[in-house]
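Each remark here refers to the structure printed beneath this line.
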Amino acid sequence: MSNFFIHRPIFAWVLAILISFAGLLAIPNMSVEQYPDVAPPAITISATYPGASAEEVSRSVVSLIEDELNGADGLLYYSSTADASGRASIVVTFEPGTDQDLAQVDVQNRVSNIQSSLPQAVLEQGVRYSKGLTSFLMIVSMYSDNPDIDAASVADYITRNVKNSISRLDGVGNFQLFSAPRAMRIWVDPEKLSGYGLTMTDVTAALRSQNIPVAAGILGGPPTDADLMTTAITSVNGELTNIDEFKNVVLRANADGSLVRVQDVARVEVGLSSYSFNGKLDGRPVATFAINLAAGANALETAALVRAEMESLSQYFPDGISYAIPYDTAPYVKESILKVVHTLLEAVVLVFVVMFLFLQNVRYTVIPALVVPIALLGTLAILWMVGMSVNTMTMFAMVLSIGILVDDAIVVVENVERIMMEERIPPLQATIKAMPQIGGAIVGITLVLVTVFFPLAFMSGSSGVIYRQFAVAMAVSIAFSGFFALTFTPALCATFLKPVTVGAHERRGFFGWFNRNFDRMTEGYTSWVAKLVKRGGRMMFIYLALTIGALWFFVRMPGSFMPDEDQGVVITNVELASGSTAERTEAVLDQARAFFEKEEAVEHVVSIRGFSFNGTGINAGIIFTPLKDFKDRTATAQEIAGRATGALLFGVPDATMFSVMPPPIPSLGNASGFDMYLQDRGTLGVNELRAQADQLVALASQNPKLNSVRIASLGAGPSLEIKIDRAKAMTYGVSFPDLAQVLSSSLGGAYLGKFPNMGRMQDIWVQADNPYRRSPDDLLRLKVRNATGDLVELSNFIEVRWSLAQSLVQRYNSYFAVNISGSAAPGVANGEAMAEMERLIRDNLSADIGFEWTGLSYQEIEAGNQGSILMILSLFVVFLVLAALYESWSIPLSAVMIVPLGLLGSVAFAYLFNLSNDIYFQVGVVTVIGLATKNAILIVEFAKDAVATGQPLFESTVRAARLRLRPILMTSFAFILGVTPLMIATGAGAAGQRTLGTGVVGGMIAATVFSIFMVPIFFSVVLKIFKTKPKLLGAQVVEQQSEMQSREEKDFIYSEAYPELDPYRVGSDDTNHSKSDGAKPGDDTNQTREE
């Protein structure tokens, strides 16, 4: 193939141009995102049971739905929460790759099977489904400068005019408004009610019966008589539409003709459907909503669409209403990708410098440099064709591939240059002669580097998605590198290079100093290799010790899924004691806001009362603290979070507050660190389970390996137990349904449907007014009508007593559970912290306590289990490929035996820089496996061919090491310097870049240093032990015949036998162009320049 392109260079250029053109066309069409679709798809089921306790919601709603979920296709796990406000939420997580639309249909069908078993109040509210990611893409706040428009009015405006427009945008998975919509509120005075001889049941019945939409049809509608000339649409005022109509609803008509209306016993207003939420932006009251990204959507594109839509909608905002976007993840994503692009450009420059240092000729340097952009453009074209995006992993692959892309081209150029100088032939003939010598090595290197990433494409789970993106990008770019090395590079060498003049490398200045010292180093290196090969047995014992050490330290490395990243935001979860009022919660949020406003790195403070990642309730809150741009601050998010936790957790006695960073991958948890569920696998009950969780947190707080371990759940609070004496109630003639309705409507509120309000249907709620539901005595004074029509006070058959009850009940995979989060102490890996948590559970908690990891921690365990298998498979595949290429089972051993020494370097650097065995480190090690084997192939290939032609094993081995030293060092240094920008990265996404770069640099330094000394030993020892005779295959046979012919000649074939073919002899001094007497083309000695 190479000969075809050598003689048809324009054909090679056309191919390169077409491939580049395809890449340029692909770039604007490729989506840009931080990570591929890594988070497992999830469906969220939401329901509301007004007035029910958390335990009642869990028992009557959640458990019924969960039982139906088991057996769903692709189900991974599910978790649920039920809180004291009657809300239930079940998050059903599926395996990566599951079609989310089909999963939602499956979930809806399963829930519909038991829908009739759910309480009627739940059915009236409706069961809702959403499929957006659980993390927030962005937060938008709207506020008013007009004193006549309060935050509640702004929230109502959002519901009417903003919500639907934003929800329709591509990529928006869920729209979450942290403010309740408007609702018709009927606040009943129980004392007035009983004064009129009425009960709450009478009020709810009257309102239900008089608020009915009526569809009366068309007056004169068909079929009609022929003489009817007109028809009319009928409209009936069946629905109540305003406050006055609700006030005038008749509750009872007295015998004297007087009427008792709603306004006689209640206060009516258009209020809110819930009073739990309140938002502030930098201390200013606002109405806030959050956007969740749809599964599979692009964050950058969706954020841009939301911004554009908000700008468009703002033209129609009422005077005084404005908006701000204080929290947006898109800028971080964009900056992290740009940082990798900058790293890519830095790598190209550094690789060019290394090539020029060794090649010392602009033409020789330009040829490999041309391959880089063409191969990268070709890679982008292929990635676009297979539907992949430009993301962190594909960009990391391209950065690593920079040094690899020039390797094959450097090998070609260096070999052509060597032949031109040794044999003094023109570039065309030198290229024709060089390609058969190195074609096998290039094919072998390419196949090894491509197949070493092959197992990554078959890994499962979220880590498999990441591996796959990296593997495909690396394999495609390397395949292009090998293709161009056999096609484009030979064509350039034959047409672009100039003949080497005598003494071309005997330069002055820096390059002369470099060449002289490199030649002296080569002489010393050759001497050392010869000595070490003769002592192969002893060296193998040293190799065995190093291998054992590498494996021992590797298996003891602490693991994690991904390093924590500074994403420019700190999230603070706030929890007060259950039973705390909304005003107390607001005061605590204000204290936290005041702390953050003193931090120089903080840009905004967004506080939301009523919502937290631990659950919803008036005693919960959350604060999002976006930070300034990286260049405008010196403090990291981790430092600010640490200071905030220290100041707020111990400085605000009324609340428990933890400040954390978001997880490195959105929707895999709510915070960085670890995430687990303690489960009641026996019959402990929710209270004892919580006690066990408290014990675990107390133990963890004393453990030096753990940090900020906390219960991610709202705690127990005051509970009023109402005990009904059913038998006694019957003696009073009171039916239990009437009694239950009075209690639920008075305390929790009764939902009575909807009413039309300014073009929208909004809720109707009836509830006892605030002064009449403040104490147990208020409850006992409520009245219910008995069978004879008399009013009976509830105190006659009800007893109440104070107790404690959980304000949030959690379940995980159908077991009662408590969510526990935390992080590793500084200097401790996340995997080590997780192992310590497991030990504490086993050693200290009840035997009925089980646990399961979830979110990012679940993926970390999955990735850790696959990591070791991945490396073994990669090494095995490399061995098989080499066995096929060399037609030998033994010779490949001499190449792959270098891998443990490369692993030693990666592990050593990981320990030196306190890194974990995470996904980035693992893909780095796989890269080292391929590159370490590549260096070995360069030596083994030449040594194998020499032995196959009949040359002695020792001389062949030493000569191969000497010949390949320069290209090995050149390609290795080019790769190492190309990856160095990753190792020293700062700013957005720096943690991942440093982890990947450090492992690869360490591994390649060790692999390079060890390979130039140990591979000759491996080759010699393997051939001696297995008594293998290498074979020449294909073009190598022709090359051998040519070499045998040249040995029969006394002088160079071109300079002596056919002087007319030697352009160097014309007009030149023979003494300057000949070697010492008796020198042969293949001799190592007396050469003008060491190879």
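Heads up, the Cβ atoms here are built off N, Cα and C, so glycines get one too.
Database features (TrEMBL):
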type	residues	note
COMPBIAS	1067-1091	compositional bias 'Basic and acidic residues'
REGION	1044-1091	region 'Disordered'
TRANSMEM	340-359	transmembrane segment
TRANSMEM	366-387	transmembrane segment
TRANSMEM	393-413	transmembrane segment
TRANSMEM	434-458	transmembrane segment
TRANSMEM	470-497	transmembrane segment
TRANSMEM	540-557	transmembrane segment
TRANSMEM	867-886	transmembrane segment
TRANSMEM	893-913	transmembrane segment
TRANSMEM	919-940	transmembrane segment
TRANSMEM	968-988	transmembrane segment
TRANSMEM	1000-1023	transmembrane segment
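Across the candidate stretches 366-387, 393-413, 470-497, 893-913, 919-940, the maximum count of CB pairs under 8 A to the transmembrane segment (540-557) is reached by 893-913. Away from its own ends, the transmembrane segment (968-988) comes close to residues 332, 335-336, 338-339, 342-343, 346-348, 350-351, 353-355, 358-359, 396, 399-400, 402-404, 406-407, 410-411, 414, 565-568, 630-631, 931, 934-935, 938-939, 994, 996-998, 1000-1001, 1004-1005, 1007-1008, 1011-1012 of its chain (Cβ-Cβ under 8 Å, at least six residues beyond either end). The stretch from 340-359, 393-413, 470-497, 1000-1023 that makes the most Cβ contacts under 8 Å with the transmembrane segment (434-458) is 470-497.
Counting residues 6+ beyond its ends, the transmembrane segment (393-413) has Cβ neighbours under 8 Å at 35-36, 337, 340-341, 343-344, 347-348, 351, 355, 359, 364, 367-369, 371-372, 375-376, 379, 383, 434-435, 438, 441-442, 445-446, 449, 466, 469-474, 477-478, 480-482, 484-485, 489-490, 493, 497, 920, 923, 927, 931, 934, 938, 967, 970-971, 974-979, 981-982, 992-993, 996, 1000 in the same chain. Most Cβ pairs under 8 A with the transmembrane segment (893-913) among the ranges 340-359, 919-940, 1000-1023 are made by 1000-1023. Among residues of the same chain six or more beyond the transmembrane segment (340-359), those with a C-beta under 8 A of the stretch's C-beta atoms are 365, 368-369, 372, 392, 395-396, 398-399, 402-403, 406, 410, 413-414, 417, 514, 966, 969-970, 973-975, 977-982, 985, 989, 993.
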